Amino acid sequence: MSIRLGVNIDHIATLREARAIYEPDPLEAVFIAKNAGAHQITFHLREDRRHIHDSDVKRIIQSSPLPINIECALDEKIIDYLCGLKPQRITLVPEKREEITTEGGLDIESRYDSIRDTLKAFESCGIVSALFIDPKKESIFLARELGAQAVELHTGRYANLMLMAYSNLSRTHRALEEFAFPTQEINEEISRTLDDIAQCAKLATSTIDTRPLECFAGHGLNYQNVGAIAQIPQISELNIGHSIIARSVFVGLERAIIQMREAMCQK
């Protein structure tokens, strides 16, 4: 399997914070992930430190046998802190304190100057830069223009459509009303959304006029919906967290990661 799996360990820390004690330790998850065949560790250092803390970041970077990809907002203090630690990659993401999880891609146009300056800072520190974006062609062009080295395509819309179409979510109090389409319409929307992701991945990695970007994908991916995304040849990496950690409660973290790698191979 050529596509890589980055395991997001945010919710290991979420479980720890539920009791405000010292376990489970996110660092321990790093070594389990390596043994299970993960290719990378991903986590989000949020402004409110709701799960991962600064001390976690430092310990994990210093001790991890796997490459580290840190997600963060355009926050000057966080950027300075991370540049001092020099992880392999930093992925810039949008952030709202009131959100449960990241709700969409970066608004590159409105933050153009800040993103440009931040990417230059990453480059000077030898840190690979990525932008978390919605699968829109204009965002790909802007990412190229800014000098990003990679993009991660936000798969949340696809994931939510799949949940509403093929799970019991639509019959619960968690139903996503904005995705409550009739059966035929929701399947057509899934197909369109997948095509948007595939076309953006192809555009990102093309060599026309300028250097290609590496293309990753993530958000809301689970064991049922990951196969179609993993089959897009231009996507070289998936970053997945919640579904792996949720399954690990029942089967253990190592087995949950192995099962995800197997699901990524299913067409």
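Here the Cβ of each residue, glycine as well, is placed from N, Cα and C on the backbone.
Cβ neighbour count for HIS44 (active site, proton acceptor) (all protein chains, 10 Å cutoff from its Cβ): 22. As annotated by Swiss-Prot, active site, proton acceptor applies to HIS44 (among others), with the evidence given as sequence analysis.
What Swiss-Prot records for GLU71 (among others) is active site, proton acceptor, and it gives sequence analysis as the kind of evidence.
When secondary structure is read from DSSP and collapsed to three states, HIS219 (active site, proton donor) falls in the coil class. Under the heading active site, proton donor, Swiss-Prot lists HIS219, citing sequence analysis as support.
Sequence annotations record features per position, and here Swiss-Prot assigns 3-amino-2-oxopropyl phosphate binding site to ASN8, ARG19, GLY220, GLY241, HIS242. Neighbours of GLY220 (3-amino-2-oxopropyl phosphate binding site), defined as other CB atoms within 10 A of its CB across all chains, total 22.
Long-range neighbours of ARG46 (1-deoxy-D-xylulose 5-phosphate binding site) (same chain, six or more residues apart, CB within less than 8 Å of its CB): ILE52, CYS72, ALA73, GLU95. Positions annotated as 1-deoxy-D-xylulose 5-phosphate binding site by Swiss-Prot: ASP10, HIS11, ARG46, HIS51, THR101.
GLU152 (site 'Transition state stabilizer') counts 29 other C-beta atoms within 10 Å of its own C-beta, drawing on all protein chains shown. A strand conformation is recorded for GLU152 (site 'Transition state stabilizer') in the three-state DSSP classification. As annotated by Swiss-Prot, site 'Transition state stabilizer' applies to GLU152, with the evidence given as sequence analysis.
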By CA-CA distance, flag whichever of GLU71, GLY220, HIS242 among the recorded positions is nearest to GLU152 (site 'Transition state stabilizer'). GLU71
Which is it, of ASP10, GLU71: the one of these recorded positions whose Cβ has the most other Cβ atoms within 10 Å? GLU71
Could you say which of the binding-site residues ARG19, HIS51, HIS242 has its Cβ with the most other Cβ atoms inside 10 Å? HIS51
Using DSSP with the three-state reduction, classify ARG46 (1-deoxy-D-xylulose 5-phosphate binding site) as helix, strand or coil. coil
